[in-house]
Amino acid sequence: MIIHPQFDPVLISIGPLAVRWYALSYILGFILFTFLGRRRIAQGLSVFTKESLDDFLTWGILGVIFGGRLGYVLFYKFSDYLAHPLDIFKVWEGGMSFHGGFLGVVIAIWLFGRKHGIGFLKLMDTVAPLVPLGLASGRIGNFINGELWGRVTDINAFWAMGFPQARYEDLEAAAHNPLWAEWLQQYGMLPRHPSQLYQFALEGICLFAVVWLFSKKQRPTGQVASLFLGGYGIFRFIAEFARQPDDYLGLLTLGLSMGQWLSVPMIVLGIVGFVRFGMKKQH
């Protein structure tokens with residue numbers, strides 16, 4: 001079993017100011033978005049100009065931050081924040097939702113498109129290939145922080161990783177499983193899936209490769225965005241089987257996690273959109 005290195009979440013600290021790895025992962029994601037966006041402009045495969053790309057980035061950042069935070073509040077810990085509403089503003093304590101951030105970016109795309117006279121689906125198609133590497137960067141941030149770890153796996157599995165940060169969850173899990181209790185007593189922690197790395201590979205690298213390559217040719221309007229939508233939903237749904245469910249939610253109906261249920265509409269809309277838009281002539 002590999003032991004998580006327990007990286008210091010703070011990269012640089014100068015007096016009261018601290019630069020955290022997780023914040024850096026977001027910044028890297030926005031840099032990658034801009035870099036890929038400029039490549040697409042140079043290839044003639046974008047509705048952006050260099051100036052409008054920089055303008056949209058501001059809209060996108062606001063969509064990610066506000067949507068991600070609001071999504072976390074509504075989807076994951078609504079009752080807690082309802083009891084302590086001021087905690088919503090404590091973003092430094094963590095708590096962001098991809099699905100909320102996605103909805104925030106969709107709203108930003110709609111508003112930006114209206115302002116600049118760009119069709120919503122055309123703009124979605126342009127933005128979609130630029131996003132996955134940013135998601136990959138975010139998952140590396142999760143791994144460095146030692147958060148969002150995976151479910152318990154076999155002690156002899158080559159991928160098994162112990163997370164010292166999961167001490168409380170390990171104790172709770174071992175209390176209901178004699179074999180896990182034995183492992184915990186012997187090794188001091190339980191072997192878990194490094195699910196952050198699975199999500200890095202699936203939602204980040206694989207999704208980027210699929211959407212980027214598919215969008216290198218002109219496609220029917222809406223089809224690239226649909227591929228991203230369905231692709232992310234499928235990869236996230238799969239990865240969630242290895243990810244530890246949120247302790248304050250657990251597994252929901254049919255034994256699925258909140259992340260899986262939120263991904264189901266993405267999968268359905270993505271598949272329907274991909275087929276429907278693909279049947280239309282390119283325009």
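The backbone N, Cα and C atoms fix where each Cβ goes, glycine too.
Features of the protein shown, as given by Swiss-Prot:
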- 17-37: transmembrane segment (TRANSMEM)
- 56-76: transmembrane segment (TRANSMEM)
- 92-112: transmembrane segment (TRANSMEM)
- 117-137: transmembrane segment (TRANSMEM)
- 194-214: transmembrane segment (TRANSMEM)
- 222-242: transmembrane segment (TRANSMEM)
- 255-275: transmembrane segment (TRANSMEM)
Leading contact stretch, 56-76, 92-112, 117-137, 194-214, 222-242 vs the transmembrane segment (17-37) - CB distance under 8 Å: 117-137
Counting CB pairs under 8 Å, which listed stretch among 56-76, 117-137, 194-214 touches the transmembrane segment (222-242) the most? 194-214
Which sequence positions outside the transmembrane segment (92-112), separated from its termini by at least 6 residues, show Cβ-Cβ distances below 8 Å to it? 22, 55-56, 59-60, 62-77, 118, 120, 123-124, 127, 131, 135, 147, 236, 259, 262-263, 266
